[in-house]
Amino acid sequence: MSSPISPHSRRPEGLSRRAVVAGGVAAVGLAALPPRAQAEDLQPLAELIARITEGAVPKRGKITLDIPQLVENGNSVDVKITVESPMTEADHVRWIHLIADKNPFPDMARFHLGPRCGRAEVATTLRLAASQKVTAVAALSTGGYVVADGDVVVTLSACIDGG
Amino acid sequence: MRWRAVLALTVIALAAAPATAEIKSGSEFLSPEMRRQQADETRNPAWFWVEQGEELFSRKPQTGAACISCHAEPKQSLRGAATHYPQVDAASGKLLNLEGRIEQCRIERQKQPGFGYETPEMLAMTAYVASLSRGLPVEVKTDGAAKPYYEAGKAFFERRQGQLNLSCQQCHDGMVGQKLRGDTISYGAGTGYPAYRLEWNDVGSLHRRLRACSLGVRATQFDYGSPEYLALELFLAGRAKGLPVETPGIRR
Amino acid sequence: MPFNARITMPAEARAGDIIEIRVLTRHPMDRGGQSDGKGGTVPRMILNRLTATYSGEQVFRLDMNTGISANPFVSFTTRAVASGDIVFEWREDGGATYTRTARLVVT
């Protein structure tokens with residue numbers, strides 16, 4: 001399946017197969033190796049950002065991420081991103097990338113913009129698997145990146161279909 | 001003797017109080033953003049179902065006539081129709097909700113196989129017809145032939161049930177406005193259904209919502225369109241008399 | 001009816017004006033991975049791309065992953081340059097595409 005965003009957007013699997021086999025051999029006769037600690041070992045946000053900025057550290061400011069601090073359901077969360085930019089041929093926002101580091105697939109979306117947009121102002125509805133930090137990274141045509149983030153608490157609803 | 005009578009009257013008055021209390025729509029318990037989105041056709045996905053229903057309404061089935069050939073100018077002719085449901089069907093004496101009436105028309109007049117409860121077509125048709133009454137107050141009949149059904153619904157609402165041994169009333173009268181996990185407990189007015197629920201990522205009927213309620217208290221889940229839920233639907237509509245129809249609503 | 005879209009934008013604008021385009025889409029955006037009850041998993045089935053082409057050029061593109069909600073809403077802006085159609089195209093997993101157009105009259 002082709003991923004439009006990044007082939008690296010999957011979380012690392014945690015233990016390699018070799019480590020599991022080795023551990024399993026070492027643990028013969030003992031309780032099974034708890035895989036939990038490794039499974040929850042998420043890729044750090046800094047790495048997720050560095051991957052899309054080719055290592056550059058994005059600057060704060062000039063970008064606003066508008067997202068509620070508390071949402072009643074993670075299935076549809078409004079988000080709006082605005083970047084201060086003249087949006088001219090020489091100086092515009094090339095793209096805006098959204099990351100949710102605790103989602104199974106942290107790369108959520110990428111908006112590709114250009115001078116024809118007039119403004120760098122986009123919005124969409126996100127799916128958040130858990131309470132977490134949502135990060136927006138924008139790439140500028142002049143080189144460099146800007147970043148903004150927001151912490152979102154996702155509450156659980158009661159009396160869901162599955163009980 | 002006299003003070004006893006006074007006390008008894010007071011007790012009766014207190015017991016009756018919740019039933020006469022002002023009921024608020026479920027949308028009053030949503031965040032302001034969600035309430036805005038419900039009213040905004042550019043944001044409320046449930047309008048896709050309304051649109052689909054409008055299309056089905058004018059489409060001629062293989063046998064019989066299209067809905068619109070009898071119900072011409074539905075925006076006028078069916079305006080307010082949904083506010084009278086559930087209602088007792090004069091011919092059969094049975095309680096029908098809007099879904100039941102649509103299905104009856106389809107089977108008996110159009111001679112078509114029924115859509116079936118909770119199918120996308122039935123949800124679309126119900127959402128469309130109900131949307132024609134948007135803003136009009138609920139006006140169901142709870143007396144006369146409807147009385148036994150209403151009473152059955154009331155008894156269902158007040159009866160403790162399920163492994164949690166809760167009645168509908170204990171939460172939806174007694175604890176309205178309080179929190180249940182991330183939810184705010186509402187009156188269960190049901191005036192937005194069929195509604196788009198974020199939890200479902202989809203439009204669903206009131207009976208789908210009621211089935212989730214039943215499961216929530218670990219009680220028997222009745223079938224879609226079952227007599228139990230129909231009676232309860234009538235009771236809820238009776239409580240919601242005067243509240244505007246909001247279909248297609250948005251709910252959590 | 002798995003796909004439908006509602007595009008909201010002004011019908012008219014003056015040349016140079018920046019207009020806002022709001023797009024609501026009907027699509028389950030199935031993230032996949034759930035059990036199919038037969039020992040396997042449900043495949044992912046989402047709209048993975050939305051493009052908007054206007055006056056001979058792609059003016060907007062959104063690449064979507066499973067982090068975009070079911071029945072998603074998207075808004076963006078474009079500068080009115082000439083009267084013509086704005087063509088919206090969605091690409092679904094598996095290769096299917098859906099198209100809608102909206103006309104903008106520029107005065």
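Backbone N, Cα and C define each Cβ position, glycine as well.
Curation does not apply to TrEMBL; its annotations are automatic.
Annotation source TrEMBL lists signal peptide at B:1-21. Annotation source TrEMBL lists domain 'Cytochrome c' at B:48-133. Sequence annotations record features per position, and here TrEMBL assigns heme c 1 binding site to B:Cys67, B:Cys70, B:His71, B:Cys105. The annotation heme c 2 binding site is assigned in TrEMBL to B:Cys168, B:Cys171, B:His172, B:Cys213. According to TrEMBL, the substrate binding site annotation covers B:Arg209. What TrEMBL lists as active site, cysteine persulfide intermediate is B:Cys213.
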* Structure fact -> Here the binding-site residues B:Cys67, B:Cys70, B:His71, B:Cys171, B:His172, B:Cys213 meeting chain A with a Cβ under 8 Å reduce to B:Cys213
* To do: Could you put numbers on the helix, strand and coil content of the domain 'Cytochrome c' (B:48-133), residue by residue per DSSP?
  => 47 helix, 4 strand, 35 coil
* Select one residue from B:His71, B:His172, B:Arg209: among these binding-site residues, choose the one with the most other Cβ atoms within 10 Å of its Cβ. => B:Arg209
* So around the heme c 1 site, B:Cys67, B:Cys70, B:His71, B:Cys105 aside, which residues have their CB within 8 A of the centroid of those CB atoms? -> B:Phe57, B:Ala65, B:Ala66, B:Ile68, B:Ser69, B:Arg109
* Can you give the mean pLDDT for the domain 'Cytochrome c' (B:48-133), rounded to a whole number? -> 96
* Find the one among the binding-site residues B:Cys168, B:Cys171, B:His172, B:Arg209 whose C-alpha lies closest to that of B:His71 (heme c 1 binding site). => B:Arg209
* Which one of the binding-site residues (B:Cys105, B:Cys168) has its C-beta surrounded by the most other C-beta atoms within 10 angstroms? -> B:Cys168
* Structure fact -> Out of the binding-site residues B:Cys67, B:Cys70, B:Cys171, B:Cys213, the residue with the smallest number of other Cβ atoms within 10 Å is B:Cys70
* Identify all same-chain residues not among B:Cys168, B:Cys171, B:His172, B:Cys213 whose C-beta atom falls within 8 angstroms of the centroid of the heme c 2 site's C-beta atoms; report them in sequence order. => B:Phe157, B:Leu166, B:Ser167, B:Gln169, B:Gln170, B:Ile185, B:Gly188, B:Val217
* Asked: Looking at the binding-site residues B:Cys168, B:Cys171, B:Arg209, B:Cys213, which has the shortest Cα distance to B:Cys70 (heme c 1 binding site)?
  -> B:Arg209
* **Spatial separation of B:Cys168 (heme c 2 binding site) from B:Arg209 (substrate binding site) - C-alpha basis, Å** => 13
* **By Cα-Cα distance, the member of binding-site residues B:Cys168, B:Cys171, B:Cys213 nearest B:Cys67 (heme c 1 binding site)** => B:Cys213
* Asked: Of the binding-site residues B:Cys168, B:Cys171, B:His172, B:Cys213, which sits closest to B:Cys105 (heme c 1 binding site) by Cα distance?
  -> B:Cys213
* Asked: Quick one: largest C-alpha distance among B:Cys67, B:Cys70, B:His71, B:Cys105, binding heme c 1 per the record, in angstrom?
  -> 11
